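Below is one structure, written out as structure tokens; comments come after it.
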Amino acid sequence: DRQTLVAVLQFLRRSNLRESEEILRREARLLGDDLGGSVATVASSSPGVAAVAAVPPGKDNLGRDRDLLGVSLPGEGTKDRVSVIFAGSTVKVRVGGGVVVEDQPDVSAVLSAYNQQGDPTLYEEYYSGLKHFIECSLDCHRAELSQLFYPLFVHMYLELVYNQHESEAKSFFERFHGDQECYYQDDLRVLSSLTKKEHMKGNETMLDFRTSKFVLRISRDSYQLLKRHLQEKQNNQIWNIVQEHLYIDIFDGMPRSKQQIDAMVGSLAGEAKREANKAKVFFGLLKEPEFDVPLDDEDEEGENEEGKPKKKKPKKDSVGSKSKKQDPNAPPQNRIPLPELKDSDKLDKVMNMKEAARRVRLGPECLPSICFYTFLNAYQGLTAVDITDDSSMIVGGFADSTVRVWSVTPKKLRSVKTAADLSLIDKESDDVLERIMDEKTASELKILYGHSGPVYGTSFSPDRNYLLSCSEDGTVRLWSLQTFTCLVGYKGHNYPVWDTQFSPYGYYFVSGGHDRVARLWATDHYQPLRIFAGHLADVTCTRFHPNSNYIATGSADRTIRLWDVLNGNCVRIFTGHKGPIHSLAFSPNGRFLATGATDGRVLLWDIGHGLMVGELKGHTDTIYALRFSRDGEILASGSMDNTVRLWDAVKAFEDLETDDFTTATGHINLPENSQDLLLGTYMTKSTPVVHLHFTRRNLLLAAGAYSSQ
């Protein structure tokens, strides 16, 4: 709308933000100097929108200071006339000729919505009236309508505080806070500390609650019942809040049961709208590149007597042929550019296939052995762990800002020789890769210094040449495992970075932090390629989908989002956890996602249908580690309760009802008991589990730091 544009352009010019002004002009194709020095009044294009007078700075004919640009919006009567005045970078809002509220632009606009207040003394009556109505309604509606209690409670409380009815607010809070669901306890604690209007300005959680509409999923029958009740009672206060701050996602069909609702709610902004999980997701795997494996025969024949390789060979072919068919759900091979395979990568793939041939088939009858790496005397505070894909190295990130890399095979870690020594090497010799290494530097531990705060995330590149680490200092660092030095520091987050992970194909990596966004990077770019914004609180963990086209992020807002790397869109929002998410794992076939949080539950999601399909209960503390076995038969979870638990993933996913009805309404029927999926629980003496990893032959490696309680 042209008026607004002109107003904004003038504001930018006044603030000497010439560059932004130019960009906006180009975008809006306002290339001429529409903001000429003389008074240019823009005729109002639509009725009901006030014209904006573009006025040169200085004095107007009444001698008033004209360095402010006035925009006035007509309300119903003069009393409702709201004028917004741009001055410097703050926005002053003048409501009905009353006080000028000065604040940061978004905050004041958001909070001023609380102005339409009812009689403060009646709030308790309104709320208890609604509560009585819901509690007396039929069982089938009661569970659904009870979802209203929490968002209404918060908005009514904030409205009282904002309008400075502090004593009413306090008694309202004390009377009704006990009725809220137990999983909102933490939010209520934050809320109880907001007792004055001033407190609301700086509180981010509060602002989020105000700006994002709280989503409730309710059947049409229950909604009609509510609407009728509120209109009969003339209860405008509550109806206004429902209209203004809640998004009611209405579905046709049977109302949901209490158990179905409890499984899905609990996040900061309610449930996900069903629309949010409708986009198509290519969850299939990319076709493995084909290359000949001549090495196989020679090696096998060298190792074994003549007869054996012939027996093994057909088995290997079948492994190759399985991946030659294109998966119907896979993204196009060139949907996002992926790095070319180097010769060393091909060798590694060959090794991988050989190991895979010797892999143990796991199942309820054949559980994996677990090898636990305990960090002893880790007084520096172990904060992150990763293990290379071939299980040859393990890295620890510590609270004393160091990154320590260990070799867990007899092969020591060695750096490349100095430039002077390298020039003497015969580059044509067969063992040139061996010769460039400096034996004098061999040791089983290397310490990397560079961060200036605790290291919260570490990730090895698939080719084992690089290592990423992210820290409280706001940077992500890329280290070379050839020289054990830092190559790049990526600066984009201004706050602590909680997690980082390399793409399964290398080159790309993702990071997430306290600034509530996840960023996609490429190792050779200083700037992020994509910024994934949408979470309402810290992004606590990040994971690439096995086909590298998608990224999952878990957040302290208690939701998990799936993002499309190609265009940066959010294609899935999963709600159901009752605490911040701390672990994510994709199944090897790319169809499912497992998530773990501080609520001690592991939730299982079907990515294609966008549905929760399982809940694994058993842990009693935060789940920091989740990993599927190499063929996806078993899911391992590790927690702060000092246990590793193994779950039967095949059984959990086998008979899913993903018919159209379930998908359309999001109704899910979780089995009451997940104990029949639990295959084993393994206690440590006093070591919380922070990382899990299945080797290529399906041995489970776990890691954590011993804590002497």
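Yeah, the Cβs are placed from backbone N, Cα and C, and that goes for glycine too.
Caution: TrEMBL annotation is automatic and unverified by curators.
Annotated in TrEMBL:
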type	residues	note
COMPBIAS	293-304	compositional bias 'Acidic residues'
DOMAIN	118-246	domain 'TFIID subunit TAF5 NTD2'
REGION	293-345	region 'Disordered'
REPEAT	375-416	repeat 'WD'
REPEAT	448-483	repeat 'WD'
REPEAT	490-521	repeat 'WD'
REPEAT	532-573	repeat 'WD'
REPEAT	574-607	repeat 'WD'
REPEAT	616-648	repeat 'WD'
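For the repeat 'WD' (616-648), the list of distant contacts is 356, 359, 361-364, 367-368, 370, 372, 579, 582-589, 594-598, 600-604, 674-675, 677-694, 696, 698, 700, 702, 704: same-chain residues at least six beyond its ends, Cβ to Cβ under 8 Å.
Residues of the same chain lying 6 or more positions beyond the ends of the repeat 'WD' (532-573) and with a Cβ under 8 Å from any Cβ of it are 205, 208, 212, 266-269, 272-273, 276-277, 279, 281-286, 330-331, 335-336, 338, 498-505, 508, 510-514, 516-520, 579-586, 588-590, 593, 595, 597, 605, 607, 610. Across all of the domain 'TFIID subunit TAF5 NTD2' (118-246), the predicted model scores a mean pLDDT of 83.
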